[in-house]
Amino acid sequence: MQSLSLGQTSISKGLNYLTIMAPGNLWHMRNNFLFGSRCWMTRFSAENIFKSVSFRLFGVKCHNTDSEPLKNEDLLKNLLTMGVDIDMARKRQPGVFHRMITNEQDLKMFLLSKGASKEVIASIISRYPRAITRTPENLSKRWDLWRKIVTSDLEIVNILERSPESFFRSNNNLNLENNIKFLYSVGLTRKCLCRLLTNAPRTFSNSLDLNKQMVEFLQAAGLSLGHNDPADFVRKIIFKNPFILIQSTKRVKANIEFLRSTFNLNSEELLVLICGPGAEILDLSNDYARRSYANIKEKLFSLGCTEEEVQKFVLSYPDVIFLAEKKFNDKIDCLMEENISISQIIENPRVLDSSISTLKSRIKELVNAGCNLSTLNITLLSWSKKRYEAKLKKLSRFA
């Protein structure tokens, strides 16, 4: 009897597996009744091995020969036919490919019936492959619930194209339905819920209790600051900052205190700030907000600004706190290198909305048009492209 020359064969009694190791492949076959509780090594002939064991080869590889084999050949074929990026899908949610039952064809037909193109469907599955695990009944129910917020099927398709996770992350339709009812009950409008669904869909995957906790916290915060209509306060905060319901009450409370203490605001001033431009700061990491403000303060102090000027600058444009320290410093330096004074920046903080490359190119164009940057209203540096180019054309005409 000749020994198996391609590799070695081991019989594992404890795991009930027969493993055949050859140069290019690793095959696993289960034998549930032949072996005991420990394992030993022995030699078999190739003839005996393949006579005694019947098996189905189910490992299929795609593109990358070093990656883990896919388990479901039919699934792989279906997804490839649909134009799905298999490598992307496997990297994002590899567990989906180990399922023996999936609903990719049902998902395809469902989304086609709602107006999605084949390309959009392929993109959705590539980026969020767990979508193919949802049943037709679950999809239909969830879609109907979304239509209580979103006005058309096409609008839902557009949301799914941007963020497939928003629709497919959870299959708990009862929780979704309860959250929708609750958010309507506290006075949020359909427009506000649509904004939540588009920007912060995880709000609807939260447990109902979690959303109730945040709403109750905000109502109490509004009352403590002197707002006489807690429901109106909640509506304003959520509309200004749709991400707030997916943050902890601890974080929001810390940021309210940060704004109060840092800028020495009384209740009325704080109320105006957080119902307006300061609302967006409430969901920031409190440590990040403090570090960012400390950096802004240090940079502006180094350029001769007073404490009052720094506070005026940040309060007039709270979004500046979102800028990373290096990005903020680099933008300030870029503007000052072009003979724009710090007082001009303080008066027109929204110029920091633009990227450094946009600032440099626009400054160059304005100089070429004969503009004196030291006397120019620099707000046009942050205008939309269309509006800026129209203004530049007028300035060039009079140069």
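Heads up, the Cβ atoms here are built off N, Cα and C, so glycines get one too.
As given in Swiss-Prot:
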REGION    247-251  region 'Interaction with DNA'
REGION    324-331  region 'Interaction with DNA'
REGION    355-358  region 'Interaction with DNA'
REGION    384-391  region 'Interaction with DNA'
SITE      Arg162  site 'Interaction with DNA'
SITE      Arg202  site 'Interaction with DNA'
SITE      Phe243  site 'Interaction with DNA'
SITE      Tyr288  site 'Interaction with DNA'
SITE      Arg350  site 'Interaction with DNA'
TRANSIT   1-57  transit peptide
According to DSSP, which of helix, strand or coil covers Phe243 (site 'Interaction with DNA')? coil
Checking the recorded sites Arg162, Phe243, Tyr288, Arg350, which are within 10 Å of Arg202 (site 'Interaction with DNA') at the Cα level? Phe243
Among Arg162, Arg350, which are recorded sites, the residue with the most C-beta atoms within 10 angstroms of its C-beta: Arg350
Rounded to the nearest angstrom, how far is the Cα of Arg350 (site 'Interaction with DNA') from the Cα of Phe243 (site 'Interaction with DNA')? 22
Fewest Cβ neighbours within 10 Å, where candidates are the recorded sites Phe243, Tyr288: Tyr288
Segment-level pLDDT (mean, integer) for the region 'Interaction with DNA' (355-358): 94
